Amino acid sequence: MATEIVAKNLLNVLKCVAELGVQYAVDVRLVAVSKTFSADLIFACYQQGQRHFGENYVDELESKASELALLGASDICWHFIGRLQSNKVFLIKYRIIKMVLLKIKKICAIHGLWCIETLDSAKHSDLIQSIMVVLKKELKVFIQVNTSSEKNKGGVEPEGLDDLVSHIEQNCPNLSFIGLMTIGSISESKNPETNSDFELLVKLRNELAARLNRTLELSMGMSSDYQLGKF
């Protein structure tokens with residue numbers, strides 16, 4: 001019963017997303033955030049045609065990726081959307097670095113990993129780059145931007161975006177920078193007409209795309225506000 005309800009809801013959202021794509025004349029990709037959902041429910045969505053799924057927690061993503069591979073979801077695309085930096089505080093700095101490195105190693109080795117959406121520092125860029133060199137692979141990345149300037153949110157501040165992009169472009173050849181991501185503020189998500197966080201991300205994307213002379217994607221909007229994600 002639960003799988004039928006989830007599949008039905010998914011089809012309704014896919015219909016709305018397709019209509020937005022027609023309205024704005026752009027390709028829109030739905031990333032279904034599947035944290036806390038079982039592998040069976042994710043597979044039910046996969047069978048309805050959904051391919052891109054987002055997970056916040058490394059261990060949960062690792063487990064589900066293995067289960068979905070066994071179920072035959074060979075072309076599933078996993079997006080890591082959790083924070084790369086641990087919230088735990090350690091007194092000895094090298095222990096923090098070691099823990100973050102182990103976390104990133106686990107993420108990068110996950111079967112079907114399509115991208116990391118929460119890159120927000122040169123340090124993490126360099127760590128991921130070093131791992132991808134060993135794996136002899138390339139990885140798509142979004143840079144997360146803190147468009148709402150909330151202290152509890154991850155993401156690079158808008159004024160630091162250009163420097164981070166330049167660092168990745170010049171020093172991380174195994175990382176493919178494909179776009180910007182933001183998690184808007186709750187207050188903006190309740191505005192039925194416009195969302196200033198999304199508008200800022202569009203502005204930043206347009207400026208970057210012009211400077212780099214290439215197309216860049218946007219990742220923004222959740223179930224309550226994705227209709228305001230104007231591109």
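Indices start at 1 and increase along the chain as displayed.
Here the Cβ of each residue, glycine as well, is placed from N, Cα and C on the backbone.
A TrEMBL annotation is a machine prediction, not a hand-curated record.
The model shown is predicted, which means the values in this text are computed figures rather than measured ones.
The domain 'Alanine racemase N-terminal' annotation in TrEMBL covers 27-226. Averaged over the domain 'Alanine racemase N-terminal' (27-226), the predicted model has a pLDDT of 89.
Summarising the annotation, TrEMBL assigns N6-(pyridoxal phosphate)lysine to K35. Mapped onto three states, the DSSP output places K35 (N6-(pyridoxal phosphate)lysine) in coil. Within the same chain, the residues at least 6 positions away from K35 (N6-(pyridoxal phosphate)lysine) whose Cβ sits under 8 Å from its Cβ are G54, E55, N56, Y57, E60, listed in sequence order.
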